[in-house]
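Here TrEMBL flags 128-149, 161-185, 254-277, 307-333, 345-365, 371-389, 396-419, 439-463, 483-505 as transmembrane segment.
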Amino acid sequence: MAKGEGAESGSAAGLLPTGILQAGERPAQAKKEPKKKQQLTICNKLCYAVGGAPYQVTGCALGFFLQIYLLDVAQKVHIDSFSLPKIEVVDPFPASIILFVGRAWDAFTDPLVGFCISKSSWTRLGRLMPWIIFSTPLAIIAYFLIWFVPDFPQVQPLWYLLFYCLFETLVTCFHVPYSALTMFISTEQSERDSATAYRMTVEVLGTVLGTAIQGQIVGQADTPCLQGPNSSAVALGSANHTHSTTSLKDTQNAYLLAAGVIASIYVICAVILVLGVREQREPYETQQAEQMSFFRGLRLVMSHGPYIKLIAGFLFTSLAFMLVEGNFALFCTYTLGFRNEFQNLLLAIMLSATFTIPIWQWFLTRFGKKTAVYIGISSAVPFLILVALMERNLIITYVVAVAAGISVAAAFLLPWSMLPDVIDDFHLKQPHSHGTEPIFFSFYVFFTKFASGISLGISTLSLDFAGYRTRSCSQPARVRFTLKMLVTMAPIVLILLGLLLFKLYPIDEEKRRQNKKALQALRDEASSSGCSDTDSTELASIL
């Protein structure tokens, strides 16, 4: 009987092509041989990292300069009925509405774009790349128009609100798929962490570029200011009218020039990203028979405990750093009196952050991500206290700026390094829930931008209540004190609240290692199953 079975097998082997026999042997071999790690080349990582620069370059320029632009630059001079020159300004209250509504709209578009992406089909370019390609040209047009002063003073607030919201929508169509791309460049945790470190380094360089381009170009212009308590009101004397008007026009042209340079960088980085990165699908995702609905996926994501705790902690820390970002230019100009130095101080912060990103990447690899969060973000607190207590001193201010950059680097790197760990944990607990990556990333960005909108709205309203005077060379003591509180005490309280919430975050280094092993076993099983299914199909077609 055994001989008959052996002869029967040999007969079947003689009828089948050698290729099919070799294919049938592959599953056994795959189990014996260790699976080769999926390595990304340095070129892959750099091309991926460069894609993060457009969001940071434009976001840095808007975050640091839009508020002071609306209050002190976005103005038109015209002749009133008495043949006197009159300045039409954007008052602090409309400016606060523009900043808050723009950020709130920006936050709302993140889950909306995430929903649309989750419904997108895979194409030859992938599922995420088409969004990046088609949003880029429209985004740069909208960005340029934000920094253009229209000839119709009555509709200025509406103009800035419209194009600010339009740009934020289009940059969301770029940034949400780019953020989700982290999960599709490699299945290896170590490779994703390494690519994220590259990305954060380039993004901080992007903020350096945004700060340097916007700050240095605008800083060369002579921004006019007016003396006296009623300087923002109305009439300019004929003696200094020509000089003031010329200086204002030069400053507006400087903002337009900076916008053109930044828009060019946006396009170049998008092209490098599209040409240098390819999306990869998970092996077990291709076997899924039906796609999960967006709202079911959203319900599962929002019920995932580690995700909620992570975004709650970073919500407070992000709000702290955004308060500093949004008010730093005004704080340096009016509270510290460094009107011509604030762009250099910004540059010092961002250069310091750029050089310390690799250090934080080494630190989180050596000591763990939660430890890096506690040390990295809390390191800003002593320097904020020093800023609050010190008198005007340019050298000490530069020292504080360099030290603050160390904490800014940690705030840049850690959220994006920890979010993939949360998604891996979710995939283990919900192994049949695929396509949820855009939901994770879009809602994280949603909460971050919502915090930004709150910070800008509260800041500008606080300045309005304190009596901020548009285009004034100096501000009342109440305004200077309000700026100091917005840049020092309020961020300190928010940082401490965020660090308390991080105590509840459950994914430590041991949990990460367990998740990595479990996910690799799931991928191996899916790959073996897929290979066996393919071989069975080929065998059936021949027989």
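Positions of Cβ are set from backbone N, Cα and C atoms, glycine also.
Only sequence-distant pairs (6 or more apart) were considered; of these, at least three Cβ pairs between the transmembrane segment (396-419) and the transmembrane segment (307-333) are under 8 A, so the stretches are in contact. Each of 161-185, 254-277, 345-365, 371-389, 439-463 was scored by its Cβ pairs under 8 Å to the transmembrane segment (307-333), and the highest score goes to 439-463.
Counting only same-chain residues 6+ beyond the ends of the transmembrane segment (128-149), those with a CB under 8 A from a CB of the stretch are 51, 54, 58, 62, 66, 69, 73-76, 113, 117, 120, 156, 160, 163-164, 166-167, 170-171, 173-174, 176-178, 180-181, 184, 252, 255-256, 258-260, 262-263, 266-267, 270, 273-274, 277, 279, 438. Cβ atoms under 8 Å from those of the transmembrane segment (254-277) belong to residues 43-44, 46-48, 50-51, 53-54, 57-58, 61, 65, 69, 73, 125, 129, 132-133, 136-137, 139-140, 143-144, 146-148, 174, 178, 181, 185, 209-210, 213-214, 217-218, 220-221 of the same chain, restricted to positions at least 6 beyond its ends. Sequence-distant neighbours of the transmembrane segment (161-185) (same chain, 6+ residues past either end, Cβ-Cβ under 8 Å): 40, 44, 48, 51-52, 54-55, 58-59, 66, 97-98, 101-103, 105-106, 109-110, 113-114, 117, 126-129, 131-132, 134-136, 138-139, 142-143, 145-146, 191-192, 195-196, 199, 270, 273, 277, 279-281, 416, 419-420, 423, 437-438, 440-442, 444-445. Pairs of Cβ atoms less than 8 Å apart link the transmembrane segment (371-389) most often to 483-505, out of 345-365, 439-463, 483-505. Distant neighbours of the transmembrane segment (483-505): 306, 309-310, 312-317, 319-321, 323-324, 327-328, 330-331, 334-335, 370, 373-374, 377-378, 380-381, 384-385, 387-388, 459, 462-463; these residues of the same chain sit at least 6 beyond its ends, with a Cβ under 8 Å from one of its Cβ atoms.
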